[in-house]
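As recorded in Swiss-Prot, the features of this protein are as follows:
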ACT_SITE  GLU205  active site, proton donor
ACT_SITE  LYS340  active site, proton acceptor
BINDING   GLN163, LYS340, ARG369, SER370, LYS391  (2R)-2-phosphoglycerate binding site
BINDING   ASP242, GLU288, ASP315  Mg(2+) binding site
Amino acid sequence: MPYIESILAREVLDSRGNPTVEVEVYTESGAFGKAIVPSGASTGQHESVELRDCDAKRFLGKGVLQAVKNVTEVIQPELEGYSVLEQTLIDKLLIKVDGTPNKSNLGANAILGVSLACAKAAANYLNLEFYQYVGGVWPKQMPVPMMNVINGGAHASNSVDFQEFMILPIGAPSFKEALRYGAEVFHHLGKILKQKGLPTTVGDEGGYAPDLNSNEEALQIILEAIKSAGYEPGKDIFLGMDVAASEFYDKKIQKYVLASENNKSFSSKELVHYYETLVAKYPIISIEDGLDENDWDGWKYLTQKLGNQIQLVGDDLFVTNTQKLAKGIENKIGNSILIKLNQIGTLTETLETIEMAKKASYTAVISHRSGETEDTTIADLAVATNSGQIKTGSCSRTDRIAKYNQLLRIEDQLVEAPFLGLKTFYNLKK
């Protein structure tokens, strides 16, 4: 039987060269599971706590030796002898042992690593792919890739306020073709930037990070790349933005200050009207974190104005948390949630959040973090849950490409899994 025999953990590096936690779970049956935990750059105030050592002599204080120690010295003794097939029980026990509402005792990075490694050991024991184990008979849909081709904000050192400008190859007939559409646009965008004398260095998530005059210029140059690649904006490929508005919200004056707009300040309503102008002008189908995570009144107004037209994704707003999401659903705020495993800290809680979103007709976007690794868990999770969308960066950096390549493998295995394209956005009315 797949009873837990030992749990190992180590400090490894993520795509930014910062330490993170890798966990290996071994069972008496010989079944084995391994997981590496990602890390974010722009993090919501209400996320589960990522435990760091704060020892300035190691990794500028970002070491995770205490989290590793918590896995081997605290968690392992508690889980020894449990079957990895009891995922819900394991995750509840992890939460109980931690004993805090935000996992600040053991660290969400320690807890998530164990949670995922146990699930992967269970899949290994049953000789199933991870998406098959998590999704059972349900996996039947390939996700639309939300490809971050221009990085700004906290993900790049440039003059662009908004954190991500994405392309969504919604008009493609399959995931494989959608990936091709995106890759071709990415390369055309690189050529255009070079022609304009702009740098083609990339940000944390593999997108270009040029110094542009405004956020709108980013949209314009992406449209140029789409057309240059031979695709039609608004038909073959749509646009999306992760504004990450909390990053430029000034709490003192309670305004949103856009550096690229000559430090012009916007009230919540003024920023919503700015978005309305962009949506009317460009084929934008998704805006993430359009307002500060605590600006619930502003979010309410944003949803009233644009909620029927485009996808309004809550990341920092909901932090993959059922309590936060329930509040949003009750108040009709947003219509989509970004799903990040390490925001909540266990596989079970993540699946519960996705289920809650679906029951309320909110879409769920499975997402990476800016600090990623070769771990491809989120690719399997997107298919297992039929989320229909995945956000895992651009067409560069192996830590991003690893997820896309895993999805290509899964698409081959599922053979007839549909790519629903525009139908993925089932809750939009206009």
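Here the Cβ of each residue, glycine as well, is placed from N, Cα and C on the backbone.
Taking the features listed in Swiss-Prot, we show where each one sits on the structure.
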| residue | record | Cβ within 10 Å |
| --- | --- | --- |
| GLN163 | (2R)-2-phosphoglycerate binding site | 30 |
| GLU205 | active site, proton donor | 31 |
| ASP242 | Mg(2+) binding site | 28 |
| GLU288 | Mg(2+) binding site | 29 |
| ASP315 | Mg(2+) binding site | 30 |
| LYS340 | active site, proton acceptor | 25 |
| ARG369 | (2R)-2-phosphoglycerate binding site | 27 |
| SER370 | (2R)-2-phosphoglycerate binding site | 24 |
| LYS391 | (2R)-2-phosphoglycerate binding site | 30 |
Pairwise Cα distance for LYS340 (active site, proton acceptor)/GLU205 (active site, proton donor) [Å, integer]: 15
Additional residues around Mg(2+), ordered along the sequence, whose Cβ is within 8 Å of the centroid of ASP242, GLU288, ASP315: GLN163, GLU164, MET241, VAL243, ALA244, ILE287, ASP289, VAL313, ASP316, LEU338, SER367, LYS391
Spatial separation of SER370 ((2R)-2-phosphoglycerate binding site) from ASP315 (Mg(2+) binding site) - C-alpha basis, Å: 13
GLU205, ASP242, GLU288 screened against SER370 ((2R)-2-phosphoglycerate binding site), Cα within 10 Å - retained recorded positions: GLU205
Euclidean distance between Cα atoms of GLU205 (active site, proton donor) and GLU288 (Mg(2+) binding site), Å: 16
Local backbone state of LYS340 (active site, proton acceptor), from DSSP in three classes: coil
